[in-house]
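Visitor: When I checked TrEMBL for this same protein, it listed these features:
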{"type": "SIGNAL", "residues": "1-22", "note": "signal peptide"}
{"type": "DOMAIN", "residues": "36-306", "note": "domain 'CN hydrolase'"}
{"type": "ACT_SITE", "residues": "GLU80", "note": "active site, proton acceptor"}
{"type": "ACT_SITE", "residues": "LYS179", "note": "active site, proton donor"}
{"type": "ACT_SITE", "residues": "CYS211", "note": "active site, nucleophile"}
Amino acid sequence: MITSSFQASVAVCALVILHVSALDTFIAAVYEHPVLRPKATETPVSRDDALLHMNKNIDILERAIQQAAAQGAQIIVTPEDALYGWKFTRETIFPYLEDIQDPRVAWIPCQDPHRFGDTPVQARLSCLAKNNSIYVLANIGDKKPCNSHKSTCPPNGYYQYNTNVVYDAKGQLVARYHKYNLYSEPQFDAPENPELVTFNTAFGKFGIFTCFDILFHDPAVTLVKDLQVDTILFPTAWINVLPLLTAIEFHSAWAMGMRVNLLAANIHHVQQNMTGSGIYAPDSPKIFHYDMKTSEGKLLLWELNSHPRNSPDYPAAVDWSAYATTIKPFPVQKNTFSGFMSRDEFNFTELFENAGNLSVCHKDLCCHLSYRMLRKGNEVYVLGAFTGLHGRRRREYWQVCTMLKCKTTNVTTCGQPVETALTRFDVFSLSGTFRTKYVFPEVLLTKVKLSPGKFEVLKDGRLVNKNGLSEPILTVSLFGRWYTKDSPSSSGGIRNLETTNLLIATFLMIIVLQIL
């Protein structure tokens, strides 16, 4: 009787411990994958050849998934384009595509691989999740037949989507997301409307989007702000762009700005400047990887809070313009000058002294900086401001305040990519008169590294250092996105070129018929 009661008590305690553990924390994994690309992506291949190639990549992913599961990971994210690479046409990507079902069909492809036709890739991914008892996110291509009489139906009779799938620990398909904001992907279509995809687990509520989506309001912001997800799963094929948009820099900043967990898995392909994966929490980056020297993949794991909003350490909401709009602007240097960064014309002012207070404005955005360097060496730093539609496409409206190192001592190089620095700061405080509440705080150190625990954002919108002297700094930035001022063409995604050309041709034909 005593033994029985003791065993029952142990069992109850074990269940309670497991329950609390499952609810409170989870071990996350992301894998930076050195994708094997086909030798030719502009020449059609057979379905068998496409499967052979994808299985070679899945072989690599399988080893990473097994390693993650063996170390206790409950979920793993693999990158965008991880099964076949990129730079396809609509015709050449087609053999790589499968018909991916709506998760509401309650399907375990591993157990019933032929239920929906030719789905060997989905079956294998499902088995990887099932056999390793781990949630798996993978990025593959979906094809959906369409009515050829419909004006938006592509000539081959199929919509083709860049797609994320998630299988749970039993191998069941629990999520499917079609990428909305495409970037140089003529092989794919954007769905008519952004999809808001979430799924619930014992360790939190998850949302999904892909790569370029992170720069837009939908679906990214809506998932966090309106649907209250705990963690975002983010596969990407991200090309690093210094000084503001390297993968680890912006993705960690987005997690802090949105106050949400972010699991970011990038492709590893140094020839295309692709690297940078990480596991990011609302308060700080937890683990990250940036490697431009080797061709090897990298598995990252970290234990995260399942419900960060319930944590006593959850960051307070920030009023990004509170401080900057209530102070008198610091003196503006007489030699303020303009310079280009990422195709945008910034106003810059140089940090001439070892310490000081500076302001620089661009249109209605004024950026304020207080700083003190350990010593001013033979390096030039500037404070910069930009507000407006970004870049060549002029679709996304940016507001940016940045302190950055110039490439050389010639100020005409300010804003150009630079990877190393020597100057350390023991004080910096950056703020701006932002007109948007969506601002992402970036600090990037020499050799393209992050600075966990060495800076913080105050409730009044100041980005400041803490815990003393910094490592040499490349940039300290507040990257704002004013979504409501985006140009209308950005809100519907970037449609594939063939569909766009078809619509243009139809429109021109109507005009010709009216003239005749």
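Residue numbers in this text run from 1 along the chain shown.
Just so you know, glycine gets a Cβ as well, placed from its N, Cα and C.
So that I understand the layout, could you describe where these features sit and how close they are to other parts?
Guide: In sequence order, ASN139, ASN162, THR210, CYS211, PRO235, THR236, ALA237, ILE267 constitute the residues six or more apart from GLU80 (active site, proton acceptor) in its chain with CB-CB distances below 8 Å.
Other Cβ atoms within 10 Å of the Cβ of LYS179 (active site, proton donor), summed over all protein chains shown, number 29.
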Visitor: Can you count the other CB atoms that lie within 10 A of the CB of CYS211 (active site, nucleophile)?
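Guide: I count 26 other Cβ atoms within 10 Å of it.
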